[in-house]
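According to TrEMBL, the record shows the following:
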- B:76-132: domain 'Potassium channel' (DOMAIN)
- B:80-99: transmembrane segment (TRANSMEM)
- B:105-125: transmembrane segment (TRANSMEM)
- B:159-181: transmembrane segment (TRANSMEM)
- B:169-243: domain 'Potassium channel' (DOMAIN)
- B:187-208: transmembrane segment (TRANSMEM)
- B:220-247: transmembrane segment (TRANSMEM)
- B:371-384: compositional bias 'Low complexity' (COMPBIAS)
- B:385-397: compositional bias 'Basic residues' (COMPBIAS)
Amino acid sequence: MKRQNVRTLALIMCTFTYLLVGAAVFDALESEEETAERRRLEAKSQELKNKYNLSAESYRELEWVVLKLKPHKAGVQWKFAGSFYFAITVITTIGYGHAAPSTDGGKVFCMVYALLGIPLTLVMFQSLGERINTFVRYLLHRIKKCLGMRRAEVSMANMVTIGFFSCISTLCIGAAAFSYYEHWSFFHAYYYCFITLTTIGFGDYVALQKDEALQNKPQYVAFSFVYILTGLTVIGAFLNLVVLRFMTMNAEDEKRDAEHRALLTRNGQASNVHPADVSSAAPAAPGGGGGGGGGFRNVYAEVLHFQSMCSCLWYKSREKLQYSIPMIIPRDLSTSDTCVEQSHSSPGRCPETPSNRCFCNARRSAISSVSTGLHSLAAFQSLTKRRSSV
Amino acid sequence: MKRQNLRTAALILCIFSYLLVGAAVFDALESEAESGRKRLLEQKRGELRRKYRFSADDYRELERLVLQAEPHRAGRQWKFAGSFYFAITVITTIGYGHAAPGTDAGKVFCMFYAILGIPLTLVMFQSLGERMNTVVRLLLKKIKKCLGMRTTNVSMENMVLVGFLSCMGTLCIGAAAFSYFEGWTFFHAYYYCFITLTTIGFGDFVALQKNEALQKKPPYVAFSFMYILVGLTVIGAFLNLVVLRFLTMNSEDERRDAEERASLRRARNNIHLKPKEDSRSSNAIFLPVEDRTSQMNLIPLIQDAERQRRQSANSAAAVPSFCTCLCYRPQLCGSPVPSHPETLSCHTNPVYYNSISYKIDEVSLSTRGQTGSSPGSTLSSNSPRCRHHPRLRRKSI
């Protein structure tokens, strides 16, 4: 089966299994506590009902009033500060729900607002995240140079470590701040920051809901907004570094397949192919022409062919060099700049951390074998191994 | 300023203005209703308190009780069905909050669960979405063939249209179903589906919370779960088609810049590579046009053609490689085919190219000129300008 289909099926299976496992664990963790709490609350409410001689009907009425007043308890939600807070929760898809549009007009506008705002925000965070990553990479490169380290390239592992630590510290800083301002425990504040910055946004803990903070404490309000947006950027940068490549995997494989197919068809059309004679094999054009457009088209064909095999060459060379970096998708830009410069300054030497591109010149033998194999479909078909990750 | 920085700064400004505008509009729409409602509710509360003669303490207690009991009103939330529902809201980041872990252990597990689950889910939805787009593209092509249309290529507009209609269809189907099962109006059900499938998940409307549905109506429960997951896939497919390419734009520009710098450096050093010499450049694959010397190493073939092209390349602007439209320089491409050269030197955004129908899967290269896809036509129409504006990039953001 095609690789993309296998990968997609595997991911679906994984997700379903993950959901099942999660459900089971949450059940185990929360179910008992839930039953106990429910019983407790029932008992208490029964007490109150008895004390005040409330009928079920009137109790329901009271319940309704209390629940409806809940958002209002937290302060005015829809003045400008509150609306800004709400707008943030919409376009970042956090969606606490502490305030939700009650008017139909508000609901309609909310939907339209989200429709445009969410993609815009996604693109913005990824854009800014990439800039941050590039900047961090550059800084790290300089630091490594300054420290006089032999290899000043910034590897993926470096970047991932830094990204991970920035995420953790962002969470901790937020946890410290919110536990102070909102009088939550550090753990609960950390949980709040986590749920917010992953955009899950349950709404069980929501900042700016105590003591009319939205109206009375503008600095705290500003801090919260800045924190949420900056925190999302940091997380976005980390995602950009680690996850984004996986989201384009199927599309890349699809393109490679298409190129292969095209090459195969074109090679199939070529009648005079001399596998051993590289120099004269160039004009494998349909018309057998040497120069001009047809010949050039064949150069492209060869390069495409080579390129498609290149990724596996890259992995071959990687395997031989035994890199342990887990990220082996050749689309990481982390070292593109430094690696290219490196490769330029030291001709023929393969940099320690190869750029994620097809580092096909790693071995001359590989190249010559590939170039002789270029015109041999058999050789091509044997190199159908692709990236080894999912 | 570098293009990526400009783009990023522009996006930041956009977002801030968008937030300001949104805040102002929401304020205008909701503020009055809010104060009106608040007044009414407080009146009612006062009435009820007087009626039942609640003491202040007792009323506070009552409030606390009611608020704490709120999730319980909707039924058991943490049995398996409820937990599964909760797990879905976590890894899809919907996060209604209708049920949230009460125990600290539950909170900790929730965080770990999210750390692993969210990327997994993101990748899964994009993966499945891409497969769906491919199937749709195939189907559309077959349909076009059956209908006997002249051009059977599936353009980007076709795909976007189909994607948009599927999203609308998904939302409407969900709205109909939930308005029936939950007793909401169609509009509220539609709003619920929208808020759910965009993963905002306010929690003001939550399915499966009436009449102990989680325990008592397994088919409805199964339908809700499937609907959420399938709906997210459809939205994911549309995002994959339309938005994903923009997420990788900065990275691609960065890579292009790096290649540009490298090749400039190489050109400046004027390396005369012999055919068999080991190429130091891993750019060889990516810069066939501008820096064919390295390409020669890999494919030590058509030397005369290469020389010919090298001359024309050197005479032309030295750095068209950054131009997405670079590949269309007619004298080099020798054919109106945009696809190959583009894939070669602009071997950057697979989503970008993949989503355009001119896949290189047919030998009908000559017909490729008619690819109606907008980026393709945009790019090919750029070709005459390319020579003059080598730095022109793709027209989008």
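Yeah, the Cβs are placed from backbone N, Cα and C, and that goes for glycine too.
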Short question: which residues 6 or more past the ends of the transmembrane segment (B:159-181) have a Cβ under 8 Å from it?
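For the transmembrane segment (B:159-181), the list is 133, 136-137, 140, 187-190, 192-194, 196-197, 207, 213, 220, 223, 227, 230-231, 234-235, 237-238, 241-242, 355, 357.
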Per DSSP, what is the helix/strand/coil residue tally across the domain 'Potassium channel' (B:169-243)?
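Breakdown, helix to coil: 55 helix, 0 strand, 20 coil.
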Within the domain 'Potassium channel' (B:76-132), count helix residues (DSSP H, G, I), strand residues (E, B) and coil residues, in that order.
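Once the DSSP states are binned, the domain 'Potassium channel' (B:76-132) shows 41 helix, 0 strand, 16 coil.
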